[in-house]
Amino acid sequence: MAFELPKLPYALDALEPHISKKTLEFHYGKHHQGYVNKLNGLVPGSPFENADLEEIIKKSEGGIFNNGAQVWNHTFYFFQLSGSPKTSPGGALKSAIERDFGSLEDFKEKFSNAAATLFGSGWAWLVKNADGKLEIVQTANAGNPLRDGKTPLLTCDVWEHAYYLDKQNLRPAYIEEFWKVLDWDVVESRF
Amino acid sequence: MSFIQPELKYDYTALEPYIDARTMEIHYTKHHAGYTSKLNNAIEGTELDGKTIEEVLSVVSKFPAAVRNNAGGFYNHNLYWDVMQPGGSSEPKGELADAINAAFGSLEAFKDVFSKSAAGRFGSGWAWLLKDGNELKVESTPNQDNPLMDVSDVKGTPILGIDVWEHAYYLKYQNKRPEYIEAFWKVINWDEVDRRFKG
């Protein structure tokens with residue numbers, strides 16, 4: 001069965017003015033769709049013909065890994081964003097963030113720094129380790145923490161295509177906007 | 001002694017319509033200038049202070065990642081601006097043309113190999129035409145790595161290079177990296193490539 005591009009739960013202009021419609025048209029309509037198309041071109045006849053994305057992320061290499069992980073990463077990224085987000089975490093997630101980072105503000109600062117300093121293309125992640133502890137990790141290119149046995153809770157795409165039309169070289173300005181459309185409701189449900 | 005970003009030999013508009021002025025300006029004044037200042041910060045007060053950029057590249061493994069990333073960003077962009085020119089591409093001549101034909105069969109065959117290498121680099125990086133002894137070869141490297149670095153799997157002297165970080169083409173070409181690569185062939189300064197080939 002071919003992989004499909006999931007339909008976004010919001011309109012392409014829903015994240016304005018923080019993330020532009022034009023950026024989403026390319027990011028979702030061209031990049032995300034492109035990874036789906038390339039994956040569907042590579043999987044038939046490979047050992048991953050009947051695999052789901054998680055199995056591809058954990059076991060594959062090369063083009064199948066790159067495109068499979070990028071399909072998963074982008075779905076995970078887009079589905080945690082909203083034009084009317086819950087702006088801070090509550091409940092058990094809030095407690096865990098305070099336990100492991102001190103405060104929400106401390107966490108956001110550390111996460112923003114991880115996103116800003118990843119050199120080249122990649123992703124910053126908040127993950128839950130096997131022992132339940134929260135951690136911030138960076139992955140290069142298509143990298144995904146599932147491969148290291150960690151559970152992703154939220155992610156920020158820092159490939160230049162995620163922000164170049166809106167912010168050009170100013171990645172930190174994009175990360176500031178990212179926080180304004182991050183829906184903590186979704187992050188809580190993943191936790 | 002710190003590194004100084006070389007002046008561009010042409011205006012930001014000079015490579016239009018192939019590379020747009022806004023991309024040129026941001027690429028040169030923000031990205032390249034940023035690598036230059038961060039490189040100077042990274043080497044200040046270290047034994048690298050006063051070395052040539054080639055000497056720095058040859059020992060990056062012994063220093064923090066900021067040296068590798070920014071020395072590469074400085075050198076790579078210096079080369080990139082120099083191997084482009086306004087007014088259309090020249091043609092490779094003489095020994096360089098012979099070496100390209102010997103290695104790839106023809107100029108067109110070389111361009112095809114190079115374009116595929118540039119398009120196939122996943123994520124950020126560069127594709128290169130390299131001189132390795134008397135041989136020419138095409139390779140790509142990730143991020144701001146460079147074949148002169150001791151950490152690089154790929155070795156040789158770069159004589160032509162294309163930047164395939166998205167910042168090099170996203171404002172004009174967005175996701176269509178192959179169209180940017182096609183445009184690059186319209187602005188090659190083969191005299192500069194030849195100078196590097198003979199150097």
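Any Cβ shown, glycine's included, is placed from N, Cα and C.
No curator has checked TrEMBL annotations; they are predicted automatically.
Note that this is a predicted model, so its numbers are computed, not measured.
Per-residue pLDDT, averaged over the domain 'Manganese/iron superoxide dismutase N-terminal' (A:3-82), rounds to 97. Annotation comment: TrEMBL describes A:3-82 as domain 'Manganese/iron superoxide dismutase N-terminal'.
Non-local contacts of A:HIS74 (Mn(2+) binding site) by the CB criterion (under 8 A, 6+ apart in sequence, same chain) comprise A:HIS27, A:TYR28, A:HIS31, A:HIS32, A:TYR35, A:ASP157. Classification of A:HIS74 (Mn(2+) binding site) by DSSP places it within a helix. Annotation source TrEMBL lists Mn(2+) binding site at A:HIS27, A:HIS74, A:ASP157, A:HIS161.
Here TrEMBL flags A:90-190 as domain 'Manganese/iron superoxide dismutase C-terminal'.
According to DSSP, A:ASP157 (Mn(2+) binding site) is assigned to a strand segment. Neighbour count (other Cβ atoms within 10 Å of the Cβ, all protein chains): 23 for A:ASP157 (Mn(2+) binding site). Note: A:HIS161, taken in sequence order from the binding-site residues A:HIS27, A:HIS74, A:ASP157, A:HIS161, have a C-beta within a distance under 8 Å of a chain B C-beta. In sequence order, A:PHE26, A:HIS27, A:HIS31 constitute the residues six or more apart from A:HIS161 (Mn(2+) binding site) in its chain with CB-CB distances below 8 Å. Assigned with DSSP, the residues of the domain 'Manganese/iron superoxide dismutase N-terminal' (A:3-82) fall into helix, strand and coil as follows: 46 helix, 1 strand, 33 coil. Helix, strand and coil counts from DSSP across the domain 'Manganese/iron superoxide dismutase C-terminal' (A:90-190) read 54 helix, 22 strand, 25 coil. Sequence-ordered, the extra residues of this chain that approach the Mn(2+) site, with Cβ no more than 8 Å from the Cβ center of A:HIS27, A:HIS74, A:ASP157, A:HIS161, are A:TYR28, A:HIS31, A:HIS32, A:TYR77, A:TRP159, A:ALA162.
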